[in-house]
Amino acid sequence: MLAKKLVTAQKRGETRALCLGLGMVACSMMMYFFIGITIVPFYTKSVWTTETICKVLKANIKDKTHCTNSEGSEDEDIFHYPCLQVWVNLTASGQEVMLYHTEDTLERNPKCSYVPGNSENSKEVKARIETIASNFKKYQTFPCYYDPGGMQTNVILSRLYPPKGLLFTFLWPTLMFTGGCLIIVLVKISQYFSVLSARQ
């Protein structure tokens, strides 16, 4: 009687472990799918892939520009901010090009090197942009990214999704997938040895 209870408890534990392993594998596959349709397209779309050295030629704050709080919005709620324009000398080609913060900056406003968030306080934004401009004048040489294919003649300061960041994004689903597969394999091995011991 005790042996039957032990066998029943063992089978329940194996079933739960197997469900856990399958659940981890399923969750990891969903995470892979989510990353594949959200982050990977942005990474492959970016053409600024080669790192080089940029030297600041001029960093000026132009007249205030504006951006709407949402694309296609008919509201008159418009956010104004100083337009910072940074021009640099691209070491790789010797050209004078405009610097943008990230790939997203160019899409949001190609006239400005930095675009703040819409919900930020205007005074804080003005102070931050002035600080950024002074930092560019203080630190005139820094690494930047350019398009080796020549499709984009401008450069960016940092990539939204660099290769290391993309690998780190895939790390957690990979660990979950590996752990789930390991649990399933261990359960199957346990079941195999249980069958062998039952035959003896």
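Cβ atoms here come from the backbone N, Cα and C positions, even for glycine.
The following features are taken from Swiss-Prot:
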TOPO_DOM  1-19  topological domain 'Cytoplasmic'
TRANSMEM  20-40  transmembrane segment
TOPO_DOM  41-166  topological domain 'Extracellular'
CARBOHYD  N89  N-linked glycosylation site
TRANSMEM  167-187  transmembrane segment
TOPO_DOM  188-200  topological domain 'Cytoplasmic'
Report summary line: Long-range Cβ contacts under 8 Å made by the transmembrane segment (167-187), restricted to residues 6 or more beyond its ends, are 14, 17-18, 20-25, 27-29, 31-32, 35, 39, 161
Query raised in the report: Counting each residue once, how many in the topological domain 'Cytoplasmic' (188-200) are helix, strand and coil under DSSP?
Result: 12 helix, 0 strand, 1 coil
**Report entry** Within the topological domain 'Extracellular' (41-166), residues counted as helix, strand or coil by DSSP
**Finding:** 32 helix, 45 strand, 49 coil
Report summary line: Across the topological domain 'Cytoplasmic' (1-19), the model's average pLDDT, rounded to a whole number, is 69
